[in-house]
């Protein structure tokens with residue numbers, strides 16, 4: 001009569017492990033390690049967890065509703081917050097725009113260009129000698145601009161007039 005036995009433990013065979021002293025006659029046989037089996041998951045445990053979650057949901061729902069005989073709270077005063085003037089102006093300007101798709105596309109392109117230029121500046125800043133040279137160029141240009149446009153009163157007034165006229169050209173005379 002033949003009998004069949006099934007082992008429920010897992011076995012790992014490590015062929016690189018050195019043979020143990022207690023190994024049988026053949027020294028080249030691989031080492032075997034047995035691992036314990038995992039405990040069997042009971043279905044009642046999952047059912048208990050589901051029931052507990054349903055109980056929590058039921059409690060949350062009952063807490064969200066009003067009690068019997070209790071009237072819901074109503075406010076007699078309507079609380080309104082005024083929008084800042086710049087938001088109102090922006091909303092009015094957006095309503096006047098005919099081609100909103102083009103404006104949205106330009107805004108998206110501007111964000112992408114800003115992101116790309118920030119990456120390019122970051123890459124240039126990592127170069128060894130370039131940041132120091134660019135800083136010197138910036139200091140020199142700032143000094144030249146200050147001397148040419150801001151030191152003397154007639155030059156300063158001419159600069160202010162040029163800025164105001166450019167501002168009117170961009171936004172239109174209103």
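Even glycines carry a Cβ here, placed using N, Cα and C.
Feature annotation from Swiss-Prot across 25, 64, 73 places N-acetylalanine at 64. In Swiss-Prot, the annotation region 'Disordered' applies to 1-20, one of the ranges 1-20, 41-60. If you take every residue in the topological domain 'Lumenal' (122-126) and average the pLDDT, you get 90.
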